[in-house]
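Feature annotations, courtesy of Swiss-Prot:
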type	residues	note
BINDING	Arg78, Arg103, Asp130, Pro131, Met132, Leu133, Ala134, Thr135, Gly136, Ser137, Ser138, Asp199	5-phospho-alpha-D-ribose 1-diphosphate binding site
BINDING	Ile193, Gly198, Asp199, Ala200	uracil binding site
Amino acid sequence: MSIQEIRHPLIRHKLGLMRRADISTKNFRELAQEVGALLTYEATKDLPLETYDIEGWCGTVSVEKIAGKKITVVPILRAGIGMLEGVLSLIPGAKVSAVGVARNEETLQAHTYLEKLVPEIDERLAMIIDPMLATGSSMVATIDLLKKAGCKDIRAMVLVAAPEGIAAVEQAHPDVIIYTASIDQKLNEHGYIIPGLGDAGDKIFGTKQKDA
């Protein structure tokens with residue numbers, strides 16, 4: 001597995017704003033979309049291109065377009081939805097495959113409760129999105145599911161990653177590349193990333209009054 005920490009100044013700036021304890025739901029949601037878009041730029045920079053001709057204002061012009069596999073974006077519900085709009089702003093033609101994964105707060109293990117994959121997903125590049133890579137159990141479960149469906153080219157984008165989660169994915173799926181805005185320090189005893197962002201799902205959806 002390859003972990004790519006994207007330290008672009010715009011990403012560092014926006015991530016710093018997201019770490020504020022008093023950030024509003026609106027601002028957190030907007031920043032999650034913006035950082036998601038910036039990560040998408042990095043995660044797709046090696047996509048193959050092909051040349052074709054069009055009629056321009058001055059005659060025939062050779063231009064380029066993305067070639068090869070089509071893309072499906074795979075948000076891990078629910079928090080992954082918070083990055084989806086930003087990702088689709090750059091690749092609007094991508095199909096969306098939703099995967100629902102819940103984590104047991106006592107055991108920190110994940111179980112899949114929803115699987116809505118696009119047809120012929122085995123012929124697509126699958127790009128998983130989830131704000132937090134904490135224990136790695138949700139990410140591993142999602143990759144397991146995608147590989148079972150026949151996916152061979154899988155990438156993941158997360159806002160923040162813990163070393164423990166990175167290690168878990170690397171052990172289970174060394175072929176998957178992860179793009180992240182930050183590799184943070186560690187997990188606490190409750191499985192939350194330190195310093196992290198808090199509960200990204202609650203902050204995106206406004207389900208806790210203190211984050212509203």
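Glycine is no exception: its Cβ is also placed from the backbone N, Cα and C atoms.
In sequence order, Pro131, Met132, Val160, Tyr192, Gly196, Leu197, Gly201, Asp202, Lys203 are the residues of the same chain, not among Ile193, Gly198, Asp199, Ala200, whose CB sits within 8 A of the CB centroid for the uracil site. Each of the binding-site residues Asp130, Asp199 was scored by how many other Cβ atoms lie within 10 Å of its Cβ, and the smallest score goes to Asp199. DSSP assigns Gly198 (uracil binding site) to coil in the three-state reduction, placing it in neither a helix nor a strand.
Annotation note: Ile193 (uracil binding site) sits in a strand segment as assigned by DSSP. Every protein chain considered, the tally of other Cβ atoms within 10 Å of the Cβ of Arg78 (5-phospho-alpha-D-ribose 1-diphosphate binding site) stands at 18. Ile193 (uracil binding site) and Arg78 (5-phospho-alpha-D-ribose 1-diphosphate binding site) are 18 Å apart (CA-CA, integer value). Taking Cα separation as the measure, Ala134 (5-phospho-alpha-D-ribose 1-diphosphate binding site) is nearest to Ile193 of the binding-site residues Ile193, Asp199, Ala200. For Met132 (5-phospho-alpha-D-ribose 1-diphosphate binding site), applying a Cβ distance below 8 Å and a minimum sequence separation of six or more within one chain yields Ala79, Val158, Leu159, Val160, Ala161, Ile193, Gly196, Leu197, Ala200.
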